[in-house]
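According to Swiss-Prot, the protein carries these features:
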type	residues	note
DOMAIN	134-265	domain 'Fatty acid hydroxylase'
CARBOHYD	N30	N-linked glycosylation site
CARBOHYD	N164	N-linked glycosylation site
MOTIF	144-148	motif 'Histidine box-1'
MOTIF	159-163	motif 'Histidine box-2'
MOTIF	240-246	motif 'Histidine box-3'
TRANSMEM	39-59	transmembrane segment
TRANSMEM	90-110	transmembrane segment
TRANSMEM	126-146	transmembrane segment
TRANSMEM	175-195	transmembrane segment
TRANSMEM	199-219	transmembrane segment
Amino acid sequence: MTLAHIFQTIWDFGTKDSVLQPIWDYVRLNHSETLRSPLFPVVLTVSSYFVLVLPYLSCDILGRKWPAIYRYKIQPDKLPTTAMLLHCSGVTLYNHILLVIPAAVAQWMWRPPIPLPEQAPTLLELVGGVTGNLLLFDLQYFIWHFLHHKIRWLYVTFHAIHHNYSAPFALATQCLGGWELVTVGFWTTLNPVLLRCHLLTTWMFMVVHVYVSVEDHCGYDFPWSTSRLIPFGVYGGPSKHDVHHQKPNTNFAPHFSHWDKMFGTHADFRFSKPRE
């Protein structure tokens with residue numbers, strides 16, 4: 001089998017209408033009221049966040065008692081304390097009560113139910129849409145992040161809370177000021193609309209975005225980390241973001257590496273070698 005034939009097979013599979021259609025038909029026909037609710041995207045992202053944080057939180061709580069996992073800790077001498085975990089939990093809870101829940105209720109009250117298209121996206125459209133949204137968000141947040149580090153007032157007023165800790169951990173992902181949380185939520189909601197994504201693609205992007213954001217802050221460089229699965233240093237991952245918390249004027253892009261390399265803010269990072 002030639003390389004061209006392999007690529008053709010992958011392309012044909014990715015562009016087949018029928019691959020995702022059975023899944024989409026099932027959820028659309030059996031759970032339409034839930035999916036059409038303006039509350040659904042909010043519930044999806046919030047629940048995804050807490051579910052995805054839990055495994056990393058377990059790693060932080062068990063710490064050195066779990067050597068098979070602890071050997072992948074990027075900064076092994078800096079485990080989050082109980083006080084740090086409680087502080088980040090409190091900030092996250094405060095933001096959700098003050099900002100996320102009221103915004104969700106407002107959408108539920110004033111936004112009409114969302115129509116569900118009958119046709120599912122192709123697999124290629126789904127993957128391309130998720131990737132496109134991540135790349136667009138990466139540019140937006142790179143600019144926002146750069147400005148909030150370079151302009152002192154912006155940093156102190158809005159972003160400094162996220163840099164309370166030089167060694168990131170999963171619960172610190174949403175240890176954010178209200179302005180930053182609103183900005184991130186706005187882009188996450190707007191970008192799929194700008195890219196005219198299918199609803200299934202939009203929801204998949206939201207879950208993937210939550211996952212990679214939590215992974216970036218987890219403080220562990222596992223063999224299955226996204227940055228190790230994507231070759232050529234295109235994707236930064238937890239090691240890259242860990243360096244940002246140690247050297248705050250570097251590595252501003254949240255996920256990928258190209259913007260920092262283009263604008264001279266890239267700081268080299270080494271993938272952690274597991275300790276024996």
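Along the chain as shown, residues are numbered 1 onward.
Quick reminder: no glycine exception, Cβ is built from N, Cα and C everywhere.
Sequence-distant neighbours of the transmembrane segment (39-59) (same chain, 6+ residues past either end, Cβ-Cβ under 8 Å): 66, 69-70, 85, 96, 100, 103-104, 107-108, 169-171, 173-174, 188-189, 202-203, 206-207, 210-211, 214, 218-220. In this structure the alpha carbons, written CA, of N30 (N-linked glycosylation site) and N164 (N-linked glycosylation site) are 45 Å apart. Only residues 6 or more beyond the boundaries of the transmembrane segment (90-110), in the same chain, are considered here, and those with a CB under 8 A from a CB of the stretch are 37-39, 42-43, 46, 161, 171, 174-176, 178, 181-182, 185. Close to N164 (N-linked glycosylation site) in the fold, though at least 6 residues off in sequence, lie H87, A172, C175, each with a CB less than 8 Å from its CB. Take the CB of N30 (N-linked glycosylation site) and look out to 10 A: across all protein chains shown you find 10 other CB atoms.
In the three-state DSSP reading, N164 (N-linked glycosylation site) counts as coil.
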